[in-house]
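Annotated in TrEMBL:
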type: REGION; residues: 51-71; note: region 'Disordered'
type: COMPBIAS; residues: 60-71; note: compositional bias 'Gly residues'
type: TRANSMEM; residues: 95-114; note: transmembrane segment
type: DOMAIN; residues: 168-304; note: domain 'Peptidase S54 rhomboid'
type: TRANSMEM; residues: 177-198; note: transmembrane segment
type: TRANSMEM; residues: 210-228; note: transmembrane segment
type: TRANSMEM; residues: 234-255; note: transmembrane segment
type: TRANSMEM; residues: 262-281; note: transmembrane segment
type: TRANSMEM; residues: 287-306; note: transmembrane segment
type: TRANSMEM; residues: 318-339; note: transmembrane segment
Amino acid sequence: MRVCIDAFCGHNKLIPTTIKNFPVSTSLQTSSSTFSSVAAGVPSNQLAAANSIDMERGGGPRNGKWRGGGASGATAASPFYYEPNSRAERKCKPWIVPVFVAANVALFVVAMYVNNCPAHSNPYQRCVAKFLHRFSFQPLHQNPLFGPSSSTLEKLGGLVWDKIVHQNQGWRLITCIWLHAGVIHLLANILSLLFVGIRLEQQFGFVRIGILYLLSGFGGSVLSSLFIRNSISVGASGALFGLLGAMLSELITNWSIYTNKAAALFILFIIIAINLAVGILPHVDNFAHIGGFITGFLLGFVLLFLPQFGKHKAYQYVLCVLALLLLASGFAVGLVMLFRGVNGSDHCKWCHYLNCVPSSRWSCGN
């Protein structure tokens, strides 16, 4: 989930943001959306069902955004997937996903240390959980997610279009993936990562899942920067949606080794639709979700295809090559547009509806 914060706010000002899909109704880029996912597309002896929470981006005036993505298999055969016993017995011991989780937690602790709410509080703006001293949270009317201020997130590497384009700080496209707007945002994304990432790493190994996670997060940041200019964005939702997209492409490219193909595909489509639909609520950066999902979907064809009963099929190689071409061209075009200062909304007048749909109950702001 990603969250948005007011970028013009001082250290003690943070715009309230909605939580993305938490559990399915609210979220953050960290703004609003639950990342529920079922590993029906992950080859194994047992269907891995993951219903997790994703909190990613939110919006506000120069709003800050938080970007805000399983159980191990049994030996009994899954109704969705056929695999020989030789592969079923081979499972990688996951370690890269726990490392990602530890890194997210560690950087949140660093953010709270740098934030140092008591040093900036006053009688009208009291920190939350004062017993934590330097690690206490911003007032809830500034940050309802129990976290630091927008200025702290910007200082530590939150996604800010102006700094990326005009101050050559492209590294923010990566650093924003590791920052979180608050405890709620952090827990939601960690749960999503554990439920989905552990299972995928067991099946495909740390190298492929590590690449998938990082490139999906990067892709989400690029698309978000092309369309959202007035917000600070942090969170791992783009990377988490990339894992979800990879599960879908893995199901497609390994189609012949599934038994209940329609059921597996239906489950994944429902999960994807629900999570992306929640992203159209206000204060959610759905562009990061969509960018991460598309990146992960294409990478799944490249990284996650398996032998079909002993050998690879010709269509798998075709899908792999096409996905690589689309991925390379997409990143090239997106980065050129971004660093030239092109506004994606100028070329797609209706695309803002993908990020937020206005109603009588709320308004949409960038």
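Backbone N, Cα and C define each Cβ position, glycine as well.
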Going through 95-114, 234-255, 262-281, 287-306 one by one, which has the most CB pairs that fall under 8 Å from the transmembrane segment (210-228)?
287-306
For the domain 'Peptidase S54 rhomboid' (168-304), provide the mean pLDDT of the predicted model.
91
